[in-house]
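Features reported for this protein in TrEMBL:
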TRANSMEM  355-375  transmembrane segment
TRANSMEM  382-399  transmembrane segment
TRANSMEM  405-422  transmembrane segment
TRANSMEM  434-456  transmembrane segment
TRANSMEM  462-487  transmembrane segment
TRANSMEM  508-524  transmembrane segment
TRANSMEM  557-573  transmembrane segment
TRANSMEM  580-601  transmembrane segment
TRANSMEM  613-635  transmembrane segment
Amino acid sequence: MTNRKLFLFAGLFMLSISALFSFIVSSIRSDVEIKADKHISIVIDYEGFRDLAELADYPFDKFLTELRKEGVTAVALKESNLKSLVERGEVFLVHPDEKSIKNGIIWVAEFRNPKLAKEVFDKLTNKYNSLLKKTYLKGTSVYSSDEDLPSLYFGFLNQEIDFCKKLGFDIVLRPINDYRFYSNKEDFERWVNQYPKNIWMIIFGEREVLGYPKFINIYAKILEENNIRFGYVEFAKQKGIDELARMIPYQVLRVHAITNNEIPGANIIYSDSRFESGKKIKYSDAIPRWGRAIKERNIKVLYVNPWGEPLKGNLIDTNLEYIKNIVQEIKLQGFVPGRALWNAHDEFYFKPVRLVWIFGIFFSLGCLLLLMFSVNLDTRRILIFSSTLLMINILLFIFGKFNFIAWETALMSSTFPPIYLYNKIRSSNWIPFLLNFIMVFSISILGALLTNNIYLSATSVIGINIFPLIKLLLVLPILLLGLRIFFRTINVKEYINELTKPMRRVEFVALIAFLIILAIYVLRSGNQNPIGLLPDEEHIRIFLEKILFVRPRFKELIGYSMLIFSFYLYRLKNINFFKFFFLISSVAFISLTDTFLHIHIPLYISIIRSLEGLFFGSILGFVFCFALFILLKLYKTRFDT
């Protein structure tokens, strides 16, 4: 008995020092986040706002000046080709004369401006060199026998860059990668060296970063040497983007955008209608969305496309008001418009305290000891299991597999609470249950904080180093809890015997239903949700986001409410339904841990979100209990009479 108590005290001691260390590290990190640079860059799409000014017959220079006064800090220029110049009326593609045709010419591009003709010709020949088939400049026309000429991206126009700089804007370039035209290092270096270097940021256009797939490291070096920022657009799927960001994490700024596919009327503004039809965002929802991105996801750059639906007067006034409201939202979140800086600090993010991994091991051991103590395992088994876990962690630590330690800590953070709570339910008294509930919630949030601190790095804080095996982490705690609920002992032979027994029809139906629910749960997890939201779920989310500081996660609201409700069923002696709802409740602790696995989210946001989930989920659970109490009372009264 004395040895068992020693194991209990050892577990409590490990959890206590883990909590202390995690609190210290988390406090330091929160202080760094609070004191970090508060500037948010508003970048407007040059092409979109230019087309808007032309559509409204409004002077573009005057429009840009007014946007600058409202708070816009930078302009994004997309790489040009002859097609884009044709759409703007700068160039006319005409049929070559007979003499030119005999010389192999298939394209003649007539420019309105001789200076522009020479600039485009020089950029094309400098960029593509010998890769470009016979092409020459004659007067204000470019003659070419290259069939790809209209679609070849030649770079950025000097007149546009100079025009924007003169108005006081930072320059953001959006280059296009086309690896068909560079097969070796020399070709690629010639290709990228023709781009301007005295700019602020690069945000890649289309589906790839420059240099993909072979020469990303060369372009990373160019960005670093010229102190050019790299905009990482969240949720954008660009090939090579994570690889580039890992090479120059100091220069990455997270970017949020409301795409043209989401904006009503965007197809009217732009010179070519190339946007997908689909659900459009409301103006009243767009403004708060910018604020949430800044507050909740470490966004430093807002990429703004023009609003295409007039709200106040004409489209010019609408977009000036749009920018003004975005600036107000930025200030409301405690930030200011300006040139954004790197948000992480060398002394903390890139030199983390290595001891944090040791305390992750302590946390896992402490949880395991408490679990084994709660099921009254004998001293020999406790010693075997804890020694095995300790040896595994020592090997992981020696070989530097710290991600596995982080994953183990996350698994224990989401698995320990429901299993321990299930083990401790021995009476129908609310007070012991609620005290144990608060205790396991505290331990779970401790483990989640430790996992966050262990996995913290230069790349995870900008959102590119995603926590590994996240889908497995969403499912495994449920399966482990299921084993504990439906089997009395930790016995592999018993598990095998049960699984090999013939399955009753009701059990088969229950299994199919469980697998369907599990599949929906996994598919709905993450940023990309292939099955969509429930009909009114989006409205509920928007409502919660408007009335609360941050929106609690639905899984936690459901999980905590089911936990309270399941205990009420236990009090009613309905054991089968108790087990079913208790199993569902485990998603709350999984979701809590998952919240902290988004390392780029500020810690205080994750903590507040978790506390709100606990509070409102518990209230919802008691509401369910009261509703069942009333229903049972009405049912009893009806049949008693």
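Cβ coordinates are placed from backbone N, Cα and C, and glycine is handled just like the others.
Remote same-chain partners of the transmembrane segment (613-635), defined as residues 6 or more beyond its termini with a Cβ less than 8 Å from a stretch Cβ, comprise 441, 552-553, 556-565, 568, 572, 588, 591-592. Remark: the transmembrane segment (355-375) contacts the transmembrane segment (434-456), by the rule of 3 or more CB pairs under 8 A. Tertiary neighbourhood of the transmembrane segment (580-601): same-chain residues 254, 296-298, 410, 413-415, 417-418, 422, 440-441, 444-445, 447-449, 451-452, 455-457, 460-463, 465, 467, 470, 473-474, 477-478, 481-482, 485, 521, 525, 553, 555-556, 558-560, 562-563, 565-566, 569, 609-610, 613, 617, selected by CB-CB distance under 8 Å and a gap of 6+ residues from either end.
Outside the transmembrane segment (405-422) by six or more residues, the chain places 357, 360-361, 363-364, 367-368, 370-371, 374, 393, 396-397, 433, 436-437, 440-441, 443-444, 446-448, 450-451, 454-455, 467-469, 473, 476-477, 480-481, 484-485, 563, 582, 585-586, 589-590, 592-594, 597 with a CB less than 8 A from a CB of the stretch.
Below 8 angstroms of C-beta separation, residues 232, 234, 241-242, 245-246, 249, 252, 254, 297-298, 344, 403, 406-407, 410-411, 414-415, 418-419, 422-423, 455, 494-495, 498, 518, 521-522, 525-526, 579, 582-583, 586-587, 589-590, 593-594, 597-600 of the same chain, each at least six residues beyond the ends of the transmembrane segment (462-487), sit close to that stretch.
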